[in-house]
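In what follows, a single structure is set out as C-alpha cells and then discussed.
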Amino acid sequence: MMYSGSLTTICDVGWDLNDASVVCRQLGFSSAVNIYGGGTFGEGSGHIWRNVQCNGNESSVSKCSSDDFNFSLCTHLDDAGVLCKGKHENAGGKERLVDGITNFSGRVEVFFNGEWGTVCNDGWDLVDADVVCRQLGYPAAIESYKDTYFGERSGFVWLTSVSCQGNESRLLECRHEKLGQQECTHEEDVGVLCKGKNDIRNICLVNGLSNSSGRIEVVFNGEWGTVCNDNWNMVNAYVVCRQLGYPAAVVTYTNVFFGRGSGVIWLRNVRCSGSESNLLECKHQILRQPECNHRQYVGVLCGEIVVQGIRLVDGFSNSSGRIEVRFHGEWGTMCDDRWTLNNSDVVCRQLGFAAADVTFTKSFFGKGPGFVWSTNFTAMEMSHFFRSVTIIQN
C-alpha cells in the first residue's frame with residue numbers, strides 16, 4: 001500500500017476480515033472472502049504497518065486505527081494478504097478436473113501463483129464439491145471423493161480445511177487454511193463427479209441384433225471399454241436407453257449375451273436413481289484394478305415397452321392370483337427372484353387396488369403358461385417399469 005508516498009505492507013498481527021474488507025472495497029471489490037498471513041503471497045519491502053484495526057465501514061484503510069510503523073515486532077515474514085470477492089481474472093483460482101472418465105469428473109486441481117496444485121480432503125464434502133462444479137459450468141455435484149480416488153499427482157497441495165457455504169462462485173472464496181501451508185500429502189487429494197451434459201458420443205451399444213441392443217460400452221481418453229455387472233439393474237438400463245434416445249429399456253443383460261469384449265473395463269458398481277440423463281451422472285466407481293472380468297459385461301435392449309395387459313389368474317377372487325403380464329402379444333409370468341411385498345404393492349396399485357395384503361412365491365397359484373418375463377426386479381425397478389410402459393388394457 002502507499003503511505004506518505006512510499007509502499008508499505010501490513011503486519012498480520014490482529015489482521016481480520018473487517019480489516020481486509022476495507023482494503024477490498026478500497027480496491028473496488030465488494031468484500032473480503034479470506035485473509036492470509038505469514039507472507040503467503042511473498043515478502044514485501046519497505047515499512048510495515050502494524051496492528052491495523054478497522055470497524056469494517058471505513059472507506060479507506062488509512063482511516064483505520066493502527067500503531068506506528070515498527071520493524072521490531074513484525075517482519076516481512078508476517079505480511080498480511082487478502083482474497084477479495086469480485087473480479088478473478090488475474091487473481092488465480094482457476095480450477096480443473098483431471099484423470100476422470102469424463103470432463104465432468106476427476107481430481108480437483110487449483111491454479112495459484114503460476115502452478116497447478118490439489119486440494120486436501122480435510123473437511124471435504126458435497127457442498128464444497130458443488131462449488132467446484134458450478135465454477136466449471138456444471139449445475140451441481142453428484143458425489144465427492146477423498147483419498148486419491150482419481151490418482152495422485154506431484155507438486156503442490158494448495159488447499160486444506162475447505163469449508164464452503166454453498167453460495168460461493170469459486171472454491172477460493174470458501175474458508176480454507178493458508179494456501180500451500182499444510183501437512184497434507186497427495187494421498188489425500190480430493191475429486192468430484194459433477195452433473196454433466198448429455199452427450200451420446202460417450203456411450204454406445206455393440207454386437208447387438210439391431211441399433212437398439214448390444215453390449216454397453218463407454219469411452220474415456222479415446223478408448224472404448226465396458227461396464228461391469230455388479231449391482232446392475234433395470235433402472236441403470238433405462239438411463240442408458242434414454243441417453244441414446246429410446247423411450248425405455250425392455251430387457252437388460254448381466255452376462256456375455258452380446259459376446260465377450262476386449263480391452264478396458266471402465267465402470268463398476270453403477271447406481272442410478274432413474275432421473276439421470278447420462279449414465280456417467282450415476283454414482284459409480286472407476287475400475288482401475290481387474291476386479292471384474294470379461295464374463296461380467298452388461299448389455300441392454302432398448303425400445304418402447306407396450307404391455308397389453310396385467311391380470312391375476314387362478315386366485316381365490318378377482319383380487320388374488322398368479323401375476324401374468326401380456327407383452328408383445330404373449331402372456332407370461334413374473335419370476336419370484338427378489339420378489340417382495342413391495343413388488344406386489346406395485347402390481348396391486350396398477351390393477352386399481354389400494355395395496356397388497358400378502359405376497360406368494362413358489363408358484364402358489366400354480367404354474368403359468370408361456371414366457372417368464374422378468375427376474376430380479378426390485379420394487380423400485382417395478383415402479384420405473386410401470387411408469388415407462390403403455391398399458392393398452394387390463
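The backbone N, Cα and C atoms fix where each Cβ goes, and this holds for glycine too.
Fair warning: this is a prediction, and the values are worked out from it, not measured in the lab.
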Recorded disulfide partner - Cys133, candidates Cys64, Cys74, Cys194, Cys204, source TrEMBL: Cys194
Rounded distance in angstrom between the Cα atoms of Cys302 (disulfide bond) and Cys64 (disulfide bond): 69
Candidate nearest Cys194 (disulfide bond) in space, where candidates are the disulfide-bonded residues Cys164, Cys228, Cys282 and distance is Cα-Cα: Cys282
From disulfide-bonded residues Cys120, Cys164, Cys184, Cys228, Cys292, the one whose Cα lies nearest Cys272 (disulfide bond): Cys228
For Cys54 (disulfide bond), the number of other Cβ atoms found within 10 Å of its own Cβ: 21
Residue pair Cys282 (disulfide bond), Cys241 (disulfide bond) - Cα distance, angstrom, rounded: 14
CB within-chain contacts under 8 A for Cys241 (disulfide bond), separation at least 6: Ser212, Pro247, Ala248, Ala249, Val300, Cys302, Gly303
